[in-house]
């Protein structure tokens, strides 16, 4: 799915390491992610998050993915469901699809394959015309190209709007210049990376007009992040960072990254891009020493595979394990 986001996805798995890795990888590919650690939690999250697509592990101790899917269909919910399972027999696949699943992916798998399958499921379900993107005091209606900050309309050019839309859908997540070029200008862009800095500067002038606090922050050596203030939007009620909710519907919880949280990706330097606390996430064009392709394969146990190759997913490194060696790519602050 092109440039501005992949939609809202609910990821349900009882394995905490897999949940965290899927959350990181999907966010870096433009998705807003809500997590559930079991079947009952998934059914509860459906009411709050209103996801566009559900990733559902079949083998869970409290309520299996098969039972969750049957419950959704019994309630008349036709949200696309992608089943995850280590069971690869034909009978297992048939059982998942007969329960109402729309797709079935066997573990281990490459993150890129999961992303492409989710995009395919989302293409079958046209987006609602009333979807709104909310990040604190910022509210946007992408279909109408309208945006407000503290209830005041923002006058934005097409490129400014698309760039702000990417930031709002990934509020609290650090985005690299390469990621922003990819998502806003596309794969075939013929512009320098300082174009991102230029348009970030344009957006800052408009977002900070009248003495408003800064929302777009520079993370030196990495990229930029939108950290919303959390003030109420035009409707008068606060919205969670990075949430996308239909107008008039309950706003989703947990879809945006927490304010101040950081993810990092993009084109890796000679030794790969590094992140804080000894962990790393990769996305964007492939570089040397284990950088991933556009959709980003996640290497298990922190080990990098061949450049650009998709590593099997489902075998994940424990929290805090070191990623590839090296430091974050250099970069300057925005004007």
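Just so it is clear, glycine is given a Cβ too, placed from its N, Cα and C backbone atoms.
Nobody curates TrEMBL annotations by hand; they come from automatic prediction.
As given in TrEMBL:
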DOMAIN    8-122  domain 'Response regulatory'
MOD_RES   57  4-aspartylphosphate
DOMAIN    130-228  domain 'OmpR/PhoB-type'
DNA_BIND  130-228  DNA-binding region
COMPBIAS  231-253  compositional bias 'Low complexity'
REGION    231-335  region 'Disordered'
COMPBIAS  278-312  compositional bias 'Low complexity'
Message = Counting across all protein chains present, how many other Cβ atoms fall within 10 Å of the Cβ of the residue listed as '4-aspartylphosphate'?
response = 25
Remark   = the domain 'OmpR/PhoB-type' (130-228) resolves under DSSP into 41 helix, 25 strand, 33 coil
